[in-house]
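**Q** Pasting in a structure now, in structure tokens, and then I'll have a few things to ask.
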Amino acid sequence: MASNRGQLNHELSKLFNELWDADQNRMKSGKDYRISLQGKAGYVPAGSNQARDSASFPLFQFVDEEKLKSRKTFATFISLLDNYEMDTGVAEVVTPEEIAENNNFLDAILETKVMKMAHDYLVRKNQAKPTRNDFKVQLYNIWFQLYSRAPGSRPDSCGFEHVFVGESKRGQEMMGLHNWVQFYLQEKRKNIDYKGYVARQNKSRPDEDDQVLNLQFNWKEMVKPVGSSFIGVSPEFEFALYTIVFLASQEKMSREVVRLEEYELQIVVNRHGRYIGTAYPVLLSTNNPDLY
């Protein structure tokens, strides 16, 4: 393994595979959704908003929305996606209704086996308090507490917005958006134009049933040269992984190497003080671990 990739974390690999197996809300490839990978994406120079289009059709060919929205954690998650102002530098205003939606989502995921297992693990590590309510408050602060991305500006971002919704830097640079449901919904609204897959070095092309992908896309005219995302997994699965990695370290940037099913991944979590700045999976066989 290359030295800059770090050593495999066996403890987290075991835990994350247990969480993967417990993820009962995960959508199944070929049954609950279908994707079309099409062509391999081209190189996009830094700062460019031009990308060769190697995909004539959307990435998502089909998603069983009825099933998606019948699952409480997905339904409450989707209700949060329209609560944010896309541009950093524009102050966020959080309404009482949005606070209630945040709490409904946390209540829903805390009922799942995945989050109960994650909570139990964190309690054993003295990284979370044993009561569910205290853990919920901790999750709320980590993920939903607003902060400023630029020094001196008003609160304009939070971990949830960056990771799951996506945001822009002065309307010129695409940041975040590492979630497959948001990708699908934005693609459906014609806000996302999928440009092609970014291949792993040891594999000529991904498979249609791969559940971790590197993608290139335009979002509202801004290019994301490489965006990595789990596909099909539940919101609670991603919340669990990223929260565990965040709480395990005080480092500005945590990179935990894990083996999850067939994938060797780096789970990257960047902290913004006491909050999550960004979080995403990186397929280690790609040559660009520094996705943003």
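Glycine residues also receive a Cβ, built from the backbone N, Cα and C atoms like all the rest.
Copying in the features that Swiss-Prot gives for the protein in this structure:
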DOMAIN    8-285  domain 'EndoU'
ACT_SITE  His162  active site
ACT_SITE  His178  active site
ACT_SITE  Lys224  active site
**Q** Give, as a single whole number between 0 and 100, the mean pLDDT over the domain 'EndoU' (8-285).
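**A** Mean per-residue confidence for the domain 'EndoU' (8-285): 87 out of 100.
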**Q** Measuring Cα to Cα, how far is Lys224 (active site) from His162 (active site) in Å?
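**A** Here the two Cα atoms are 14 Å apart.
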**Q** Give the distance between the Cα atoms of His162 (active site) and His178 (active site), rounded to the nearest whole Å.
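**A** That separation, Cα to Cα, works out to 8 Å.
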**Q** CB neighbours of His162 (active site) within 10 A?
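**A** Step by step: centre on the Cβ of His162 (active site), count other Cβ atoms within 10 Å, giving 27.
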**Q** Three-state secondary structure of His162 (active site) from DSSP?
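**A** It is helical.
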**Q** Including all protein chains shown, what's the count of other C-beta atoms within 10 A of the C-beta of His178 (active site)?
**A** 25
**Q** What kind of secondary structure is Lys224 (active site) part of, going by DSSP in three states?
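**A** Lys224 (active site) sits in a strand per DSSP.
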